[in-house]
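Take a look at the structure below.
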Amino acid sequence: MLAGLSPHLSNLRRSLTQVLNFALVLSTAFMMWKGLSIYTNSSSPIVVVLSGSMEPAFQRGDLLFLWNRSPRAEVGEIVVYNVRGKDIPIVHRVVRAFGDDEKSPKETNGQKKKKVMSSGKKDSIAAGALHSDSALVSHRILTKGDNNIADDTELYAQGQDYLDRKLDLVGSVRGYIPAVGYVTIMLSEHPWLKTVLLGIMGAMVILQRE
């Protein structure tokens, strides 16, 4: 009886080993991803270019590596940001930056210098007004695709004229590998490929068992 169960136990052991190996691969990949996210301070340290708006600098399918520990994003720098309310990363270049050490362009153009009044209550009011005028704004940027005519104002959330460095940016591009991420685009645009891929993986598992 035990001899008859031996082949079944062997097959079960082999199946469990394959499941554990697969789980180990997934957990290792997840840990590496989370570790890279912590190191780069980016929720998505690796992204794929989905459109041709940054041609010729980047093509569709290019794999980008991001870094998000710099306090500022300078003009000319290529960044990745998420539009508020949407989960689609956009890769564009910074064409204007301000904040932290200067005032918002709209605020600067719309404000007038206030005269200091000479006595009592008027002095305190004027001092408060001057303090308000000199208040710094958070670092904000305006972006644009190299292959686009207009800037990204129309892409931002409703009522948003600029991106906030801390709230909107996923990271700045520090490196890339051409065309490697095109598989991701193909799977996204052609869902049936996922079924084919899963079928191939299943066939490979069955063949390995035999």
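Cβ atoms here come from the backbone N, Cα and C positions, even for glycine.
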Looking at N-linked glycosylation site as annotated by Swiss-Prot, pick the matching residue from Asn41, Asn68. Asn41
Using a Cβ-Cβ cut-off under 8 angstroms and a sequence gap of six or more, which residues of the chain neighbour Asp152 (active site, charge relay system)? Ile90, His92, Leu142, Thr143, Lys144, Gly145
Looking only at the topological domain 'Cytoplasmic' (1-21), report the model's average pLDDT. 71
Taking only the Cα atoms, work out how far Asn41 (N-linked glycosylation site) lies from Ser53 (active site, charge relay system), in Å, as a whole number. 26
Proximal but sequence-remote residues of the same chain as Ser53 (active site, charge relay system) (Cβ under 8 Å, at least 6 apart): Ile90, Val91, His92, Gly145, Asp146, Asn147, Asn148
